[in-house]
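In what follows, a single structure is set out as structure tokens and then discussed.
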Amino acid sequence: MTAAPVSAHDGDPATVRPRRWYQSRILRRLRRNKAAVFSIVVLILIGLIAVLGEWIAPQDPNKVELTSRLMGPSGAHLLGTDELGRDVLSRLLVATRVDLLASAQAVGLALLVGVPLGIVAGYAGGVTDAIVSRVIDALMTLPPLILAVVVVAILGPGLRNAMLAISVVIIPSFYRIVRASTQGARSELYIESARASGCTSWRILWRHILPAVAPPLLVQASFSASVVIVAEASLSFLGLGARAPQATWGLMLNDASSNLTTASYLIYPPTVMVALTILGFSLLGDGLRDAMGRQTTDGGR
Amino acid sequence: MSEPTLSVRGLTKTYGARPTLLRRDPHRLTAVDEVGFEIAPGQTLGLVGESGAGKSTVGRLVLRLIEPDAGTIDLLGTDLAALPRGDLRRMRARATMIFQDPYTSLNPRMLIKDAVAEPLIMHTDDSRRVRHAKALDMVRRVGLTAAHMERYPYEMSGGQLQRVAIARALITDPAFIVCDEPVAALDVSTQAQVINLLNDLQQERGISYLFISHDLRLVRLIADEVAVMRRGRLLEKGPAVRLFDAPEHAYTRELLAAIPGRTPRARRFTGGRSEPVGHER
């Protein structure tokens, strides 16, 4: 007599629709958060600019026109021209891709290194954890700007090398978050249940630990992306990152600062783009954090 | 009687600091002390005792989810204690565990269908389609429906979740299951349903259970033999009927007297009654 009445309707497998990823609760919660929706819209727009930049730029971003240097915004140049007579709007649009790619490179590399190390250290514990954690602690003591100077001095100047330095600097934040969440997840009963079912360590890490670690990781990645945008701007401004004639927001700020008294309008476009991007990533991070609040043992309400 | 499904001898587990150069004899807690028992095919051994008696530790030790310090575990004709990692993992298709709290023993981020089908990924070469077909059969067998397959654990009740956990444990057709307080987290009406399901499945498939519980009324419903534990030691074991009717050890009598609904003076369990649990008083 096991026929306990469980559900009023026995769903036929053919009629029970499988869930789609976009029906997940996280997305539903995210959609209800106005700031998060705003941030996603902003980031999508910035992403579109990054993809389409070269095609929608009204002029060649590197075309020097010395006859029309430092011209204020006008019909011919919507955002004016810089000291070499290059169209600011075109440079701004093209720079978007460079900045986002640089940001993705730095965050991606840091994830690639930090996440596996964090999961292994958190799951294995003991000596492994002690060794890896001390190395990461050592990384944390490196001052970011000095590290960037050293990396650029060794590998040569360029945006890619500058981002490598930033990457090293943000590895610890990913490592620590992943390690802490792994330690939390490791003691969950469902991990022991997975072991009792004969799951391999690899499967437990991949299918049980990693999904548990993913929410805080996504939040951190989003915040880190905004940190990296700022870092790119700072390093390029200091001449440690991108180099002329490449267009990035940091370099544009650098150009603008040298003409601040004569052409103050130059400072605004890159500043606004940097601010919008940071705001987008930060609000997205906030929204994700709220939407992914713990939804496990409390029954998920 | 044929070969026992599980035969345990001298099982011991201690916790605490290891002896070092400076402290040869640090304080160590003996969680399980020289425990031994056998379970025959298709039979249930009820393991009872108060909290902290070491019942759950024994349950985990016999599956080597925890490494024992000493003792032999003969499971399905294999010496479990000497089994290499890979073989131990494969062994888990034949011997697995159902946990106390189904809310936490199922991954909250996995759909029910994936949770039930997961052991098949590890132990068979079935395609995804076949796995889900088998999972659906199993889910129906434990009294759930196809609609439950597409749910997440938080969308289901404790009783339903424990059915899912049972389906997950049974999908590789094991010969032995450790049930660690499988109904302690459920309310009384659901308890009886789950116990009955376990009973039915045992008769259907000849599974052996190690049924861990602090609730003697439940153990009486399902166990053929009962073993009483206290402070890591096995005090008394024997056929359930005998043990409930004529307990030998004073502690067992105390446990029986503590069953709710009886006066403390009722030293002897009247026995012989066979109503299902929850109707006792």
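Each residue, glycine too, has its Cβ placed from N, Cα and C.
TrEMBL annotations: computationally assigned, not manually curated.
Annotation comment: TrEMBL describes A:35-57 (among others) as transmembrane segment.
Taken from TrEMBL, the feature domain 'ABC transmembrane type-1' covers A:96-285.
Sequence-remote contacts of a segment are chain residues at least 6 beyond its ends whose Cβ falls under 8 Å from one of its Cβ atoms, and for the transmembrane segment (A:100-123) they are 46-47, 50, 129, 132-133, 136, 159-160, 162-164, 166-168, 170-183, 186, 201, 204-205, 209-210, 213, 217, 221, 224-225, 228-229, 231-232, 242, 248, 277. Summarising the annotation, TrEMBL assigns transmembrane segment to A:100-123 (among others).
Under 8 Å from some Cβ of the transmembrane segment (A:135-156) lie the Cβ atoms of residues 117, 162, 164-166, 168-169, 171-172, 175-176, 231, 234-235, 238, 240, all in the same chain and six or more residues away from its ends. The feature transmembrane segment is assigned by TrEMBL to A:135-156 (among others).
If you look up TrEMBL, you'll see A:162-178 (among others) marked as transmembrane segment. Tertiary proximity for the transmembrane segment (A:162-178) is limited to same-chain residues at least six positions away from its ends with a CB under 8 Å from its CB atoms, namely 102-103, 105-107, 109-111, 113-115, 117-119, 121-122, 132, 136-137, 139-140, 142, 144, 147-148, 150-152, 155, 213, 216-217, 220-221, 224, 227-228, 231-232, 235-236, 240-242.
According to TrEMBL, the feature transmembrane segment maps to A:217-242 (among others).
Counting only same-chain residues 6+ beyond the ends of the transmembrane segment (A:262-284), those with a CB under 8 A from a CB of the stretch are 35-36, 38-40, 42-43, 46, 70, 72-73, 79-80, 82-83, 88-89, 92, 95-96, 99-100, 222-223, 225-226, 229-230, 233, 249-250, 252-253, 255-256. As annotated by TrEMBL, transmembrane segment applies to A:262-284 (among others).
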